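Per TrEMBL, the features are:
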type	residues	note
DOMAIN	B:94-287	domain 'ABC transmembrane type-1'
REGION	B:1-25	region 'Disordered'
TRANSMEM	B:32-55	transmembrane segment
TRANSMEM	B:98-120	transmembrane segment
TRANSMEM	B:132-158	transmembrane segment
TRANSMEM	B:164-187	transmembrane segment
TRANSMEM	B:220-242	transmembrane segment
TRANSMEM	B:262-286	transmembrane segment
Amino acid sequence: MTGLAPPAVRVRPATGSAGGRSGSIAWMALPALAIFVAFGVIPLVGVLLLSFTRWNGIGAIHPAGLDSWRTVLTDPGLPHALWVTFLVMALSWAFQTPMSLLMGVFLAGHQRYREILAIVYVVPLLLSSAALAITYKALLDPNFGLGAGLGIPLLAQDWLGRSTLALCVVVFVVSWQFIPFHALIYQGGVRQIPVTLYEAAQIDGAGRIRQFFSITLPQLKYTIITSSTLMVVGSLTFFDLIFVLTEGGPGDATRVLALDMYKRGFQANLMGPASAIAVILVLVGLALALLLRRLGGRDASASQQEGM
Amino acid sequence: MATLTTDTGRAAGAPPGQGPRGRARSGGLGRFNVLGGLAGWVWLVIVVVPLYWIVITSLKERSSYYAQNPLAPPSDPTLANYRLVIESEFVRYLTNSVIVTVGSVVPAVLVSFMAAYAIIRGSAGSRFLRWTNVLFLMGLAIPLQATIIPVYLIIIRLQMYDTLLAIILPSIAFAVPLSVLVLATFIRDVPKELFESMRMDGASEWGTLWHLAFPLTRPALVTVSIYNGLSIWNGFLLPLILTQSPAQRTLPLALWTFQGEYGVNVPAVLASVVLATLPILVLYALGRRQLLSGLTLGFGK
């Protein structure tokens, strides 16, 4: 397991003995590795293999060549699902980032009542997506929900019955749950900005807005990247919320990739095409991770020390 | 926006004559911040109203749910909805959720801790450990739910379909990459001299792991446990796909089926939401700080 060829020249004197001992601790990684390989790596390879088969989820698995891929790639459902996934991702990012940034900067102050705000903000994070979806389904009921309660006709719409509105509801519910989380991340980031920077700016006569844009925002660069990464990659996993809230509807208006995979696989029993969708989902996830890393201009471990 | 700049003047001018230099306290953050304050308080209302509505509605009679204003407190509060939920096998679902959560979190954190220790202590001399680390890091970038179909196939082949173990094993696997990453960062912070002195005293790596690294990284272990615990407690996809019978249902899944059965009885459905969230709320009340750090995985310290 340890490489056969010794790492020739660069061995420092100490590493000789450490290398010998590290062979004896490598086994400690084995339990974690074994279970991750069994239920993470093998399924990842498996999903690619299954995309070249025909399987109804119960019976035998038959090789089917490129059939599933042909089905999936010619189905207008795929660009639609990709588009909806992208929309949910982009809109929830665009709504959450300014809000949580603003609130994070605010929460970073030290007054007592901000502590109280922080206590309440966290509660939505404790709810499961299923509970959240069930709640909002009832809360948005045009006749007996919030709209009727406040007597504001604007709020008493058929929220989940119209395509655009349903998509907005998904974005809103996601934001309702996660804005506080990102606000807390920003709060942590803001508190790490050296006070001296602000003192210097004040001496130079910079106002609040100037300070925000020339100090706070640039200093938060890595926090923004961290938070955005979590938002964007996390938005690929909104399956359960959307599944319970709209089941992809009305029509296919909120049918994101993950939901598309589930419906093809576990409702229509077409595991081949569903696996092809899953492969696409993996590729989208990897592409996003690489893109964000490129944007960050640093590797994950470095940005972790800096921004997280 | 203009208000913001004037506020600087006002706050800084509070001690007259000192000028802006005097009040630099918390990096200019402690001062009044209109826009942020507005967003903060508006968002508080947006968060509180639905929560308030859940609680009052769950205490309403079904008839008054339709008759009363949705935001008015119940004219005749009743616990009947809660009784209905508890009588619908709630305790069984609760037990299942507890078994799945504890049964996944404890092994997940322990194996991740061991792996993180090995990676930090041994990576310099072991290509195997370096590759293991890379594998876990890649696991972070992949939406693991995309692997659910093969996981389903594996669980069927292992004859574990419709058991709690079917949820537990993939839950552990999905928790490993992030847990290893976070724990490794913390173990890296333990001063090298401590490891050296343990070695001088003749302690084995196994002994050092438990007697030095474990106590020193306890806050991180708590953080990671809470983070994983919450996501597994609230998990929906794995129970949905890997179990079938009511006897194996966990709470989130039970909420969903309950809503399917009692959909028109909104107060009862909301009572189930309250009951399913109550255990977490209690934990939140008991250990707010730990929970907070767990939620944000230390992002927001």
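For all residues, glycine too, the Cβ spot is worked out from N, Cα and C.
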Check: Which residues, given as numbers and ranges, are at least 6 beyond the ends of the transmembrane segment (B:98-120) yet have a Cβ under 8 Å from it?
Finding: 129, 132-133, 136, 164, 167-168, 171-172, 175-176, 179-181, 183-184, 187-188, 209, 213-214, 217, 221, 224-225, 228-229, 232-233, 235, 239, 250
Check: Between the stretches B:32-55, B:132-158, B:164-187, B:262-286, which wins on the count of C-beta pairs under 8 angstroms to the transmembrane segment (B:220-242)?
Finding: B:164-187
Notebook entry, point to check: Any chance the transmembrane segment (B:164-187) and the transmembrane segment (B:262-286) have 3 or more Cβ pairs under 8 A, given the pairs are 6 or more apart in sequence?
Noted result: no
Margin query: Give the nonlocal contacts of the transmembrane segment (B:262-286) in its own chain as ranges (CB under 8 Å, at least six residues past its ends).
Written below: 54-55, 57-62, 65, 81-82, 84-86, 90, 94, 230, 233, 251-252, 254-255
